[in-house]
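Taking it in order: structure first as structure tokens, then the write-up.
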Amino acid sequence: MINSLLTRVFGSRNERQLRQLNRIVAKINALEPEIEKLSDEQLQAKTPEFKQRIADGEALDKVLPEAFAVCREAGRRVLGMRHYDVQLIGGMVLHLGKIAEMRTGEGKTLVATLPVYLNALEGKGVHVVTVNDYLARRDAAQMGKLYNWLGLSVGVVYPGMPHSDKREAYASDITYGTNNEFGFDYLRDNMALSKADRYQRGLHYAIVDEVDSILIDEARTPLIISGPADDSPELYIRVNRVVPNLVKQEAEDGEGDFWVDEKGKQVHLSEAGMEHAEQLLVEAGILDGETEGLYAPQNLTVVHHLNAALRAHAIYQRDVDYIVRDGEVVIVDEFTGRTLSGRRWSDGLHQAVEAKEGVPVQRENQTLASITFQNLFRMYKKLSGMTGTADTEAFEFQSIYGLEVVVIPTNRPTIRKDSPDQVFLNRKGKFNAVLADIEECAKRGQPVLVGTTSIETSEMLSEHLAKAGVKHEVLNAKQHDREATIVANAGRPAAVTIATNMAGRGTDIVLGGSLEAEIHELGEDATDAQKAAVKAEWQQRHDAVKAAGGLHIVGTERHESRRIDNQLRGRSGRQGDPGSSRFYLSLEDNLMRIFASDWVQKAMRMMGMKEDDVIEDRLVSRQIEKAQRKVEAHNFDIRKNLLDFDDVNNDQRKVIYAQRDELLDAESVKDNVDGIRDDVIFDIVARFVPPNSIDEQWDLRGLEATLESDFGLQMSLTGLVKEHEELDAEAIAAKVQERVNQHFAEKEAGVGEETMRALEKHVMLTVLDQSWKEHLARMDYLRQGIYLRGYAQKQPKQEYKKEAFELFSDMLENVKREVVTLLSRVRIRSDEEVQALEAAERQQVEARLSQSQFQHQDVGSYSADEEAAQVQAAQQGIAQVQRDEPKIGRNDPCPCGSGKKYKHCHGQLS
């Protein structure tokens with residue numbers, strides 16, 4: 001009550017911020033008459049003037065009013081577009097490192113030019129992050145005209161571009177690219193073998209377009225550079241033949257072999273299912289039924305493959321979660337409906353889906369480097385973003401990224417009419433109503449955008465509309481190449497466009513069609529008369545569509561997130577245009593089936609509702625919103641959980657990457673090597689000749705053997721001690737240290753100082769990279785099984801932190817020892833050999849990168865089952881308990897004398 005009273009008196013925080021920013025808008029507007037009088041040359045001369053003032057120590061905030069006024073005037077002269085006052089506010093919000101929520105059609109691309117221009121004046125680079133390559137290239141080309149006119153350089157990065165071009169793009173004042181490409185290049189830079197091989201020059205300031213899509217929807221997807229591992233795909237194919245014979249349970253305790261946890265995207269075998277699976281695997285020749293069971297230690301790999309195959313068959317659906325194109329399984333993004341070419345699910349899931357679909361099974365991947373988008377973007381010194389829908393996720397933006405959301409008012413009031421949801425008993429009734437609505441709109445010339453959540457639904461609707469004779473276009477992952485054309489025509493009279501989630505499409509639907517696209521089609525030689533004729537024709541269509549009610553939005557299903565629904569709605573009613581929207585739901589929709597309360601379904605059935613009966617009720621709408629809030633909270637927990645774990649990895653990643661940077665930047669690493677060598681020798685000697693110990697505790701022969709095997713040094717310590725009985729442990733350590741130093745000095749004298757320095761640097765980088773790669777695999781294994789610690793009344797996250805630290809400490813010690821051992825034993829005769837080594841290593845890295853992929857790590861519920869932990873225990877060499885008595889087989893008689901099999905008696909799995 002007090003809060004609401006204070007808000008009424010002083011306004012909300014958002015209103016107070018807007019009032020402060022409006023004062024600066026007044027200053028910018030006051031400068032406009034003066035700036036307008038400047039000639040082109042005088043206006044362009046402002047850029048070097050601003051740069052000098054900033055270099056002399058003037059703060060960006062002081063330069064802001066004048067810089068924004070200059071950018072606004074340049075936009076008017078070069079692009080023919082003048083920034084509105086609300087766009088100036090949006091630009092200031094972005095400059096302050098916040099998120100600007102701006103409705104669709106409010107000109108976010110133009111807004112970004114203001115803070116981009118201002119921050120690029122520092123000369124440290126500005127990254128503009130988009131959701132796809134098309135938008136990156138389009139925005140770089142369109143807005144690049146403005147920046148180039150103002151004297152700033154613009155680059156764009158995209159997959160597969162030549163190295164020199166990419167390096168030049170990153171050296172530009174402003175760089176456009178996708179979140180994937182910026183993240184991928186960051187990881188690649190940290191696999192580079194020399195400074196010259198790196199692309200980026202630091203993460204200074206980023207503006208993220210569609211910030212909710214990138215920082216929230218994709219936050220569950222770690223960005224992974226992975227290369228093929230050495231496993232065989234044959235087992236996936238053999239297990240795939242077995243899985244269709246297993247039967248799904250309709251209820252968790254019903255009959256069948258397995259049940260599906262749809263929330264967590266996991267599959268669990270029942271007791272009967274384990275027996276049935278074991279029997280089928282024996283019949284298929286995968287298991288030896290006489291001597292081993294499914295859960296015998298040597299068969300844990302089979303368990304892993306079986307779980308992956310079950311998930312592939314029971315959870316992942318073709319044309320919903322993925323499509324098959326050109327003999328490959330391509331993931332479909334659940335949020336945007338786009339295909340994610342090059343991305344693969346991890347943990348063998350992608351291979352299992354390939355086996356299911358009968359396409360060539362590619363080898364499993366090994367992680368070479370990884371980072372989450374959360375930790376990537378938190379590394380920028382300043383981060384901001386813009387989107388049409390951020391306010392529903394304001395808490396997450398603030399708690400994870402420290403980003404405040406500021407809602408920017410629209411330039412013109414929104415007059416779109418949002419109708420209440422209509423709820424049907426089943427999908428058939430729902431789609432009948434959807435088709436009737438579409439046909440009615442088409443008859444009166446009103447364009448319709450139909451939003452679906454899967455390719456399957458979009459194609460089913462397309463078939464029905466084709467039968468009814470309604471002309472339409474389908475925009476989904478399969479029509480990705482025609483996207484721009486389809487969207488450009490979606491606002492024409494009676495146009496019907498069926499689209500999978502429109503989130504992040506980045507192109508406005510203009511009533512009457514895209515005038516800009518039509519004029520572009522005329523070509524550069526078009527006369528003014530031709531352009532005028534096209535414009536007049538477009539104006540007629542524009543007026544006709546407005547009269548018909550503007551763009552009508554039909555939602556065929558509620559998405560898990562309210563934000564995605566709002567994005568679909570936001571495609572209509574842009575810049576004060578008329579429009580309308582309605583969502584059609586059924587009790588068979590995933591959201592309603594999994595998350596909505598059972599009483600809603602019971603009540604509708606008790607009321608005797610039939611297929612085509614519809615219910616419009618606030619109570620039901622509230623239940624739907626409640627269900628969406630549940631899912632949003634569930635997904636937030638998953639993302640927060642992922643971040644908690646990745647923060648541990650991130651601390652380690654920072655240490656390793658800082659060491660790599662130090663190595664790449666250093667002219668010589670001799671001091672590092674000398675320090676490492678002293679530490680390693682001290683530890684080795686202390687193991688065999690402990691400090692302050694007596695000679696009875698010494699193992700001189702063991703020390704001699706280690707020195708010979710690790711360093712190629714022959715040193716008779718037993719003879720030395722016989723000759724000099726007064727030698728104590730410290731003296732022996734000094735003698736060994738002296739001999740090792742002498743050995744290194746002799747090696748350096750033989751090859752020359754310059755060659756030795758190059759070799760030291762090469763060996764340190766190679767060992768560090770290989771050890772880090774192996775460490776990432778160990779961290780994956782640790783994380784997958786860590787949740788089982790909860791059963792032992794231990795806190796999994798704390799256990800993970802503790803063991804991750806121990807693994808990291810061990811890795812650093814191993815790096816030291818490996819470096820010294822390699823440098824001791826390597827035989828190099830010339831500098832050319834070192835260069836040849838580096839060239840070969842560089843080729844290997846490039847080969848790995850050419851085969852590497854964005855691995856779309858599936859982190860459904862981010863938990864692990866017991867079998868996974870057992871797999872990791874076996875792989876990490878954890879000691880197995882030794883039995884005093886023979887092991888009882890699951891099919892053997894129970895020792896209790898009941899006459900039952902052990903698995904049905906005291907060996908029954910709980």
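Placement of Cβ uses the backbone N, Cα and C atoms for every residue, glycine included.
As written in Swiss-Prot, here are the features:
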- Gln87, Gly105, Glu106, Gly107, Lys108, Thr109, Asp508: ATP binding site (BINDING)
- 558-580: region 'Disordered' (REGION)
- 558-568: compositional bias 'Basic and acidic residues' (COMPBIAS)
- 873-910: region 'Disordered' (REGION)
- Cys894, Cys896, Cys905, His906: Zn(2+) binding site (BINDING)
- 900-910: compositional bias 'Basic residues' (COMPBIAS)
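With a 10 A radius on its CB, Thr109 (ATP binding site) counts 18 other CB atoms from all the protein chains. Remark: Gln87 (ATP binding site) has Glu106, Gly107, Leu110, Val111, Leu114, Asn411 as non-local neighbours, by Cβ distance under 8 Å and separation of at least 6 in sequence. Annotated ATP site Gln87, Gly105, Glu106, Gly107, Lys108, Thr109, Asp508; additional same-chain residues within 8 Å of its Cβ mean position, judged by their own Cβ, are Met102, Thr104, Leu110, Val111. Cβ contacts within 10 Å of Glu106 (ATP binding site), excluding its own Cβ and spanning all protein chains shown: 24. Sequence-distant neighbours of Gly105 (ATP binding site): residues of the same chain at least 6 apart with a C-beta under 8 Å from its C-beta are Asp508, Arg574, Gln575, Asp577.
Residues within less than 8 Å, Cβ to Cβ, of Lys108 (ATP binding site) and separated from it by at least 6 positions along the same chain comprise Gly90, Ala100, Met102, Asp209, Met386, Thr387, Gly388. Pairwise Cα distances among Gln87, Gly105, Glu106, Gly107, Lys108, Thr109, Asp508, the recorded ATP-binding residues, top out at 17 Å. Within its own chain, the region 'Disordered' (558-580) is flanked in space by residues 103-106, 212, 216-217, 335, 388-390, 392-393, 410-419, 421, 449, 451, 453, 501-503, 508-511, 546, 549-552, 589, 591-592, 624-625, 628-629, 631-632, 635, which lie at least six positions past its ends and keep a Cβ under 8 Å from the stretch. The most densely surrounded of the binding-site residues Gly107, Asp508 is Asp508 (count of other Cβ atoms within 10 A of its Cβ). According to its DSSP assignment, Gly105 (ATP binding site) is coil. For the region 'Disordered' (558-580), the DSSP counts in helix, strand and coil order read 11 helix, 2 strand, 10 coil.
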